[in-house]
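To start, the structure itself, in C-alpha cells.
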Amino acid sequence: MENTTMTENNHNTGDNAWMMTSTALVLLMTPALAFFYGGLVDRKNVLNQLFLS
C-alpha cells in the first residue's frame, strides 16, 4: 500500500466535468419527476404529490 499524503492533488478534469454534468442532470430530473407523478393523480391531489416527490 502506498503512503499518500493529504496534500497530493489527484483530481482529474474529466472526473470533475462528469460530476458537474451528472449533478446538473439530477437537478433537472427532480422537478420533472415531480410533474410526472403529479400527472398521475387526481387534480385535487397534485400539490400534495409534488411536495412528496
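Every residue, even glycine, has its Cβ placed from backbone N, Cα and C.
Taken from TrEMBL, the feature domain 'Ammonium transporter AmtB-like' applies to 17-51. With a cut-off of 8 Å between Cβ atoms, none of the residues of this chain six or more beyond the domain 'Ammonium transporter AmtB-like' (17-51) come close.
The transmembrane segment annotation in TrEMBL covers 20-40.
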Original post:
By DSSP, what is the split of the domain 'Ammonium transporter AmtB-like' (17-51) into helix, strand and coil residues?
Top reply: 32 helix, 0 strand, 3 coil
